[in-house]
Amino acid sequence: MAKFKRTDTNRSLENLLDQDKSAQMSKNGGSLAKQPTRKLIPGHGLEFNNLSYSVIKKVKKDGVWINKEAYLLNDISGQALRGEIMAIMGPSGAGKSTFLDALAGRIARGSLEGTVRIDGKPVTTSYMKMISSYVMQDDQLFPMLTVFETFMFAAEVRLPPSISRAEKKKRVHELLEQLGLTSATHTYIGDEGRRGVSGGERRRVSIGIDIIHKPSLLFLDEPTSGLDSTSAFSVVEKVKDIAKSGSIVLMTIHQPSFRIQMLLDRITVLARGRLVYLGSPTGVAAFLAGFARPVPDGENSLEYLLDVIKEYDESTVGLDPLVLYQRDGIKPDQAAKTPVRKPPKTPKIPRTPYAKSPWTKHISLKSSHFSTGNMNSQRDPKDHSDQQSDVNNFDYEDDDDEDEFDKSLERRAPHTPMSMQSGVYPRLASHFYKDFSVWLYNGVKGTPRRPPTWNNNGAIKAPISGSGFKSMSSSQFSMTQQTPGPGNKTPIFTPGRDVIEYSSYNPSYEEVFEIEEVLDEPVHRHKFANPWVREVLVLSWRTTLNVIRTPELFLSREIVLTVMGLVLSSFFKKLSHFDFKTINHLLNFYIFTICLVFFSSNDAVPTFIQERFIFIRETSHNAYRASSYVISSLIVYLPFFAIQGFTFAGITQYILHLNSSILSFWLILYSSLVTSNAYVMLVSALVPSYITGYAVVIATTALFFLTCGFFLKRTQIPLVWRWLHYISAIKYPFEALLINEFKGSKHCYDGDLSDLSPGPLGDVKFSALRNNSRAALPQNCTLIGEDVLFSMDIREENIWLDIVILLAWGVLYRLFFYVVLRFYSKNERK
């Protein structure tokens with residue numbers, strides 16, 4: 001049995017067992033073929049241990065749909081250091097972007113397992129967002145802003161107000177020079193319809209936005225996708241300069257050229273969410289040579305590694321030989337060198353044989369050379385054939401009972417590193433498992449791979465079995481302090497708040513666990529760099545620039561309302577006459593006016609959907625508040641709505657000589673534009689595409705149109721659907737326009753009652769006002785305006801009440817819009 005120094009607290013349970021096993025095998029003369037690895041430096045840079053992520057998907061089995069757990073990441077461990085670039089590579093579907101999201105804290109904590117540490121300390125998601133930036137694969141930028149204006153906006157929202165505007169401009173010019181964008185300083189970003197910067201420059205602008213505040217960590221998702229080799233090399237070269245300034249840079253990349261490979265410091269190669277290689281790009285050839293698959297002359301080592309991965313992935317043995325070799329340096333046997341190809345087969349769900357114990361759900365593949373203690377374990381290569389046979393013959397669906405499982409452990413413990421699908425640590429001796437299971441059954445709520453969180457405030461003394469190991473204070477068994485209070489947050493990727501009790505277990509000896517410091521945001525630090533008012537001003541400035549430089553956003557609706565005002569005026573003539581035909585013409589004119597205003601707001605659907613992706617990118621790291629965005633967009637568009645409403649009201653009032661008040665007419669149209677725009681933006685925030693957005697807006701607006709009281713009066717709508725009449729946003733401006741036109745007894749209408757039918761007025765009803773003032777009315781006054789309102793089932797004859805209710809709907813739509821942006825527009829995996 002190997003001797004362990006009790007002062008060494010940075011050793012994992014599995015690593016100590018590896019050392020014990022290595023000592024036994026060395027005594028027996030065993031040896032292990034080593035594969036080239038790059039040793040990790042504990043307590044430095046970004047460390048990630050045992051990251052696993054699974055999702056539930058529905059699959060059809062025997063004609064029945066069942067839920068199946070699919071693992072996108074499977075027990076990945078490694079490290080990224082400051083001043084270096086770590087590239088995440090792998091074939092399509094390997095989990096590169098998922099892995100990057102896991103490190104960046106963009107996966108919901110409940111669905112991700114493992115630990116992420118910075119300089120040896122666990123971190124919270126809020127702290128990770130505070131010190132890092134994430135550059136998405138797609139360049140979501142405003143096309144009508146220049147490069148300088150884009151960077152200046154980022155500086156205004158990312159840098160605190162304590163930094164003067166001159167210093168912010170200086171930082172922008174430094175960034176332009178650092179990214180090689182000096183020549184494109186005043187060039188528009190551009191898009192498909194507008195000429196702007198090149199693809200490589202556009203990508204560098206996207207990177208510059210997220211490094212304006214000099215983050216410690218930079219995550220980039222496919223920064224070279226869609227670029228030619230020269231532009232891609234230029235982008236990575238600038239990223240290399242960023243890393244040299246002291247940042248930790250991690251990026252996914254699909255097929256780097258040889259020149260780009262030479263810029264990378266470390267690469268992490270994944271395959272189906274499993275770690276295949278971690279080390280220097282120059283070490284890939286030695287890795288493959290040790291795997292008995294030397295790189296052919298003239299071949300690129302990384303590309304050849306991807307070919308080998310594909311070959312094994314499609315074979316009967318799967319990826320296990322590659323993963324085992326990366327993990328333990330175990331070479332495959334002769335049969336595994338040339339795998340027999342087979343049709344792709346959907347893997348079955350890994351299941352834990354010992355179902356009663358609360359083992360972690362993800363599959364254990366902890367690499368001994370990733371541990372912070374002993375870097376290499378010793379194994380007997382003679383036993384690999386037995387091991388490989390066990391791997392190939394393992395049945396995913398068989399569950400052994402406890403006795404059979406204990407016996408299998410006793411048989412396999414001396415020589416077999418079990419398959420990854422077994423869910424059991426291969427090097428656990430049977431006697432240790434029995435002791436450990438007792439510990440589990442006496443109050444453990446967590447799992448061996450994800451330790452529970454302690455509630456004690458002081459140092460915690462936890463008794464542990466002394467069967468061949470010293471402590472569990474490693475990254476795999478880290479204990480984090482839970483301090484009461486509102487400022488306390490659970491460290492990222494750590495388990496829940498369950499409590500462990502050891503009341504009935506007598507340990508061999510006791511070990512004191514030191515409570516780790518958790519890196520979190522300072523208690524008094526503001527989440528956002530700027531106050532709310534300043535954010536509104538800066539966002540309003542940018543939105544105004546976009547509207548001015550994109551005149552079609554304003555002119556298109558202005559032209560529509562102008563042209564339609566002229567067309568309507570030519571259709572509806574002599575509306576100043578006081579006959580029965582005029583009543584129907586007025587009703588038709590006003591309902592068409594309101595529908596025109598509502599449907600003209602549909603152009604906001606594609607506009608906001610484009611902005612939504614920019615909003616998600618900018619707010620993913622707390623650039624500004626969602627409320628600031630909502631209010632700023634409203635402030636900028638209010639004067640444009642006023643101009644548009646006055647244009648239509650002025651044209652129609654002047655040509656048709658309407659008897660209504662032009663001020664009230666304009667105010668009703670203005671309120672309708674504000675409310676309809678709020679509704680369209682709410683729908684745009686909920687739908688995935690502008691096509692769906694158009695469909696939803698048109699369908700709901702048509703429903704509002706049907707139930708507003710024009711086609712079916714309130715009393716004619718079935719009782720079960722009458723609530724639609726009151727939530728119809730068209731009802732209130734329509735009624736307000738009619739009240740503005742017909743209220744009171746100052747207008748008298750005469751004619752044949754047959755002129756009212758067919759028409760929206762229907763059966764004529766005489767109002768109480770007419771009955772009370774019959775004697776004062778002229779002899780030829782058959783109907784007064786009040787009778788028209790009474791016949792249309794309009795009872796509350798108050799223009800201001802209708803306007804207030806209409807604006808209240810607009811406020812409610814804006815509030816819902818804010819809620820969607822605040823809580824449901826997060827770029828985070830569940």
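Each Cβ is built from the backbone N, Cα and C atoms, and glycine gets one as well.
Some features that Swiss-Prot has for this protein:
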type	residues	note
TOPO_DOM	1-551	topological domain 'Cytoplasmic'
DOMAIN	46-297	domain 'ABC transporter'
BINDING	G90, P91, S92, G93, A94, G95, K96, S97	ATP binding site
REGION	333-356	region 'Disordered'
REGION	368-422	region 'Disordered'
COMPBIAS	395-405	compositional bias 'Acidic residues'
REGION	471-491	region 'Disordered'
COMPBIAS	471-483	compositional bias 'Low complexity'
TRANSMEM	552-572	transmembrane segment
TOPO_DOM	573-588	topological domain 'Extracellular'
TRANSMEM	589-609	transmembrane segment
TOPO_DOM	610-630	topological domain 'Cytoplasmic'
TRANSMEM	631-651	transmembrane segment
TOPO_DOM	652-661	topological domain 'Extracellular'
CARBOHYD	N659	N-linked glycosylation site
TRANSMEM	662-682	transmembrane segment
TOPO_DOM	683-690	topological domain 'Cytoplasmic'
TRANSMEM	691-711	transmembrane segment
TOPO_DOM	712-798	topological domain 'Extracellular'
CARBOHYD	N771	N-linked glycosylation site
CARBOHYD	N780	N-linked glycosylation site
TRANSMEM	799-819	transmembrane segment
TOPO_DOM	820-830	topological domain 'Cytoplasmic'
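Overlay of Swiss-Prot annotations on the structure.
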residue: G90; record: ATP binding site; CB count, 10 Å: 26
residue: P91; record: ATP binding site; CB count, 10 Å: 16
residue: S92; record: ATP binding site; CB count, 10 Å: 6
residue: G93; record: ATP binding site; CB count, 10 Å: 12
residue: A94; record: ATP binding site; CB count, 10 Å: 24
residue: G95; record: ATP binding site; CB count, 10 Å: 23
residue: K96; record: ATP binding site; CB count, 10 Å: 24
residue: S97; record: ATP binding site; CB count, 10 Å: 17
residue: N659; record: N-linked glycosylation site; CB count, 10 Å: 17
residue: N780; record: N-linked glycosylation site; CB count, 10 Å: 10
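Distance noted between the C-alpha atoms of N780 (N-linked glycosylation site) and P91 (ATP binding site) is 87 Å.
The transmembrane segment (799-819) is not in contact with the transmembrane segment (589-609), judged by fewer than 3 CB-CB distances under 8 Å for residue pairs 6 or more apart in sequence.
Confidence over the topological domain 'Cytoplasmic' (820-830), given as mean pLDDT on the 0 to 100 scale, stands at 75. Each of L270, A271 belongs to the same chain as G90, P91, S92, G93, A94, G95, K96, S97, is absent from that list, and has a C-beta within 8 angstroms of the C-beta centroid marking the ATP site. The recorded stretches the transmembrane segment (691-711) and the transmembrane segment (589-609) share 3+ CB pairs below 8 A when only pairs 6 or more apart in sequence are counted, and are therefore in contact. Of the recorded residues, A94 (ATP binding site) and N659 (N-linked glycosylation site) place their C-alpha atoms 71 Å from one another. Through the fold, the topological domain 'Extracellular' (573-588) approaches residues 656-659, 710, 738, 741-742, 747-753, 755-756, 759-761, 782-783, 788, 792 of its own chain, all at least 6 residues removed from its boundaries and within a Cβ separation under 8 Å. For the topological domain 'Cytoplasmic' (610-630), the residues of the chain that approach it from at least six positions outside its boundaries are 106, 129-130, 132-134, 136, 138, 140-142, 154, 157-158, 210, 527-530, 532, 535-536, 538-539, 684-685, 814, 817-818, 821-822, 825-827, judged by C-beta separation under 8 angstroms. If you measure from the Cα atom of G90 (ATP binding site) to that of N659 (N-linked glycosylation site), you get 73 Å.
For the topological domain 'Cytoplasmic' (683-690), DSSP puts the residue distribution at 5 helix, 0 strand, 3 coil. Each residue in the topological domain 'Cytoplasmic' (610-630) gets a DSSP state, and the totals come to 15 helix, 0 strand, 6 coil. Shown for the topological domain 'Extracellular' (573-588): DSSP residue counts in helix, strand and coil, namely 9 helix, 1 strand, 6 coil. Cβ atoms under 8 Å from those of the topological domain 'Extracellular' (652-661) belong to residues 565-566, 568-569, 572-573, 575-576, 589, 593, 737, 740-741, 747 of the same chain, restricted to positions at least 6 beyond its ends.
Nearest by CA distance to N659 (N-linked glycosylation site), out of the binding-site residues P91, G95, S97, is S97. In the three-state DSSP scheme, G90 (ATP binding site) falls into the coil class. Same-chain residues lying 6+ beyond the ends of the topological domain 'Cytoplasmic' (683-690) with a Cβ under 8 Å from its Cβ atoms: 604-606, 608-609, 612, 696-697, 700, 817, 820-821, 825.
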